[in-house]
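Pulled from TrEMBL, these are the features on record:
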- 1-35: region 'Disordered' (REGION)
- 92-157: domain 'DNA methylase N-4/N-6' (DOMAIN)
- 217-252: region 'Disordered' (REGION)
- 217-227: compositional bias 'Basic and acidic residues' (COMPBIAS)
- 238-249: compositional bias 'Acidic residues' (COMPBIAS)
Amino acid sequence: MGDDGHGHRQSRLFTTEEGEFDADRAREESLPVEDGELIDTDELADHQRYVEGRGIYDERNRVNDLTGKEWKYATKSVIAEGYPPDLQHELRSEHGGQKPPRLCAELIGRFSKAGDTVLDPFAGVGGTLLGASLCEHEGTGLREAIGFERNERWVDVYETVLEQENEERRARGDPPLEPQELRHGDCADLIEDVPEHSIDLLLTDVPYWHMDELEQTRNERRTRESKLGSFDGATGDDGGDSNDGEPVADEERTKAEWLADMGEKFSRFADAVDPTGHVVVFIGDMYRDQSYEFLSADLARAIESAAPLTLAANLIWYDPTKDLHVYGYPFSFVPSMVHQNVLVFRLESESESEAEDEQD
Ligand SMILES: C[S@@+](CC[C@H](N)C(=O)[O-])C[C@H]1O[C@@H](n2cnc3c(N)ncnc32)[C@H](O)[C@@H]1O
């Protein structure tokens, strides 16, 4: 900034008693202050715009609506935040695999723009959908969200959550959350109705391969044959904390089958996503039989090899409020899992996919 520029003149109005530039006061007065310096907005490039209190926004930003200053924090590879129970948490926790809507809102703000469309093909009780609605009231702007969920119970829970939450918000005088569309059915069928490239962000939390329950279920199966005779694999659901509402049939799949199924599903989902969009997937790792099961890495590779998607990042969501337990003491080191992985994929450009097809 030049000594005799407009910015300098303004900055002289905001001096501390010691004669130093008082950035806090200048900021309070809504002047464009970045890193303690007053910005000369006349010097910004045509594609740059100063956003009060947020920094400089580059109009060429295709990823999100964040300014450079916000981007610096939004690209951190660890999200170290415990999200206190809210948005009808008790009701949503009937699911057991629900995600904090505020965490979803945070990710939606990082990987989409106001007015964009977000899809969650494994929507559960609607963490992503609620997150998309929250964006309207938390500064980043409303997104439209579509969810698919094959268990009708979770569709009903989402609708009740929204109803109760909005009743409370109205009673408090807060604006209600925009309802989003949660379609009941199998994502493999429902994805067929989503137009190509119409989704800007696919944010989801995949149904788990229930490794811990696999062996137990197989053993139990032998002793429960009469009960299983009537099981059709489509409606079974045992709820509870260790389960995310999956039919028992999913627990009996091998890991290879689970990975192949996920790969196939994501290759279909990818067609619905805009070439500039992102696919963001929650997945926790597991520990079993003295060994770490790197499910996130396995899933990332399975998706990359089946779908035209490239892994751009693995964000870690570290929840510092998670309860700790003594596992393995004093004989064996067993990790207390206080994190989940958030895999971030971008679409391969057409030229990349064509080059790969040629190699095949
Ligand atoms: C990990 S949970 C998602 C939880 C969600 N993030 C939330 O906040 O509630 C995965 C969900 O996918 C659903 N699901 C599994 N396979 C499905 C399929 N083929 N089509 C639609 N939903 C499916 C399960 O019923 C389960 O509710």
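Cβ atoms here come from the backbone N, Cα and C positions, even for glycine.
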For the domain 'DNA methylase N-4/N-6' (92-157), residues assigned helix / strand / coil by DSSP:
29 helix, 10 strand, 27 coil
For the domain 'DNA methylase N-4/N-6' (92-157), what's the model's average pLDDT?
96
